[in-house]
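K.L.:
Can you keep this structure in mind? I'll have questions shortly.
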Amino acid sequence: MADNNHSYFQHPYSVLTGILGLEQKYYWMAFPLGAIYVIALFGNDVIISTIKSESSLHIPMYYVLYMLTLADMGLVLCTFPSMLGIFWFNFKSIAFDICLVQMYFIHTFSATESGMLVAMAFDWVVAIWNPLRYGTILTNGVVWRTGAVILTRAVCVVFPVPFLIKRLPFYCSNILSHSFCLHQDVMRLACASTWVNILYGLIAVIFTKGSDSLSILLSYVFILQTVMVIASGEGRLKALNTCVSHICAVLIFYVPVIGVSVIHRFGKHLSPLTHALMANAYLLVPPVLNPIVYTVKTKEIRKKIIQIFVQTKITAEG
């Protein structure tokens, strides 16, 4: 009878965890963490505003970067309140339904970013394989429709996840391992079989990040084959150099994703600090480093940042 009553009980709140063992240093850790968020927000905002204001950047490649940046901003805004709430105000409780909403948006924006990296790879394939027809194959309309398809895919694939979690009983524990809600982390607290969640999660990952990573790999195999046909070494180097920023973005996104997946699956013996650092890297590294990579490679974005700093200095002196 007691077990039957348990099935109707749900913890109304979940308890988020910062970094175990460093609780006494949370207040001081909040300052560098806040700086990281400011850098991410500022960098991505500069890219968005530059692409919107510079007519020379109103081309397919930068429209895809615009959508990738929006996904990065979404990840930052999803995690910013809960992480700073823990490290600055020691506020760890989060309503279970709010936790599910945060989980949904984190995984949706992550799947969207993965799809945008595929769109970027296809952009480079067309640019290198058939540059003369680039403008007719990849029009602005095609790019925006592609972005809509990628977003729709992410929304639809992740949509069942909160409902699959909601059906499970959670009367054992309500203490999560991270500063935000991830599917794997919430699922492990369930007091019932989670094979349906595990199976659907695996299918969702294969359909999004699995197929995306394979598509990116095949794109670069095709790019390398195309580049090797170019006679001069200088021409080959110039063609490959145009892909450097995208390669960096792919590594920045997929290395933390793979790291988190491996640790969740095989890293049970590792310290909580390792789990926390990898989970934070999974969400914070792409939004912080992507703007830096594209600022270095894009003259217009560099000029925009210089202009902002000059205006700030003039305002401060005035």
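Glycine is treated like the rest: Cβ placed from N, Cα and C.
Bear in mind that the values here come from a model prediction, so they are computed numbers and not experimental data.
Checked TrEMBL, it gives:
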- 43-294: domain 'G-protein coupled receptors family 1 profile' (DOMAIN)
- 26-43: transmembrane segment (TRANSMEM)
- 63-91: transmembrane segment (TRANSMEM)
- 103-122: transmembrane segment (TRANSMEM)
- 142-165: transmembrane segment (TRANSMEM)
- 186-207: transmembrane segment (TRANSMEM)
- 213-231: transmembrane segment (TRANSMEM)
- 243-264: transmembrane segment (TRANSMEM)
- 276-296: transmembrane segment (TRANSMEM)
K.L.:
Mind checking which residues of the chain, 6+ beyond the ends of the transmembrane segment (276-296), have their Cβ under 8 Å from one of its Cβ atoms?
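P.N.:
Cβ under 8 Å, 6 or more out: 17-20, 36, 39-40, 43-44, 46-47, 65, 68-69, 72-73, 75-76, 79, 83, 106, 113, 177-180, 182, 245, 248-249, 252-253, 256-257, 259-260, 263, 302, 305.
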K.L.:
Decide whether the stretches the transmembrane segment (186-207) and the transmembrane segment (142-165) have at least 3 CB pairs under 8 angstroms, with pairs required to be 6 or more apart in sequence.
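P.N.:
Answer yes, regions in contact.
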K.L.:
What stretch in 26-43, 63-91, 103-122, 213-231 has the biggest tally of Cβ pairs under 8 Å against the transmembrane segment (243-264)?
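P.N.:
The stretch with the most close Cβ contacts to the transmembrane segment (243-264) is 103-122.
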K.L.:
Do the transmembrane segment (63-91) and the transmembrane segment (213-231) come together with 3 or more C-beta pairs under 8 Å, pairs six or more apart in sequence?
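P.N.:
These two stretches do not touch.
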K.L.:
Between the transmembrane segment (26-43) and the transmembrane segment (213-231), do 3 or more CB pairs sit under 8 angstroms, pairs being 6 or more residues apart?
P.N.:
no
K.L.:
Over the domain 'G-protein coupled receptors family 1 profile' (43-294), what is the model's average pLDDT?
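P.N.:
Averaged over the domain 'G-protein coupled receptors family 1 profile' (43-294), per-residue pLDDT gives 88.
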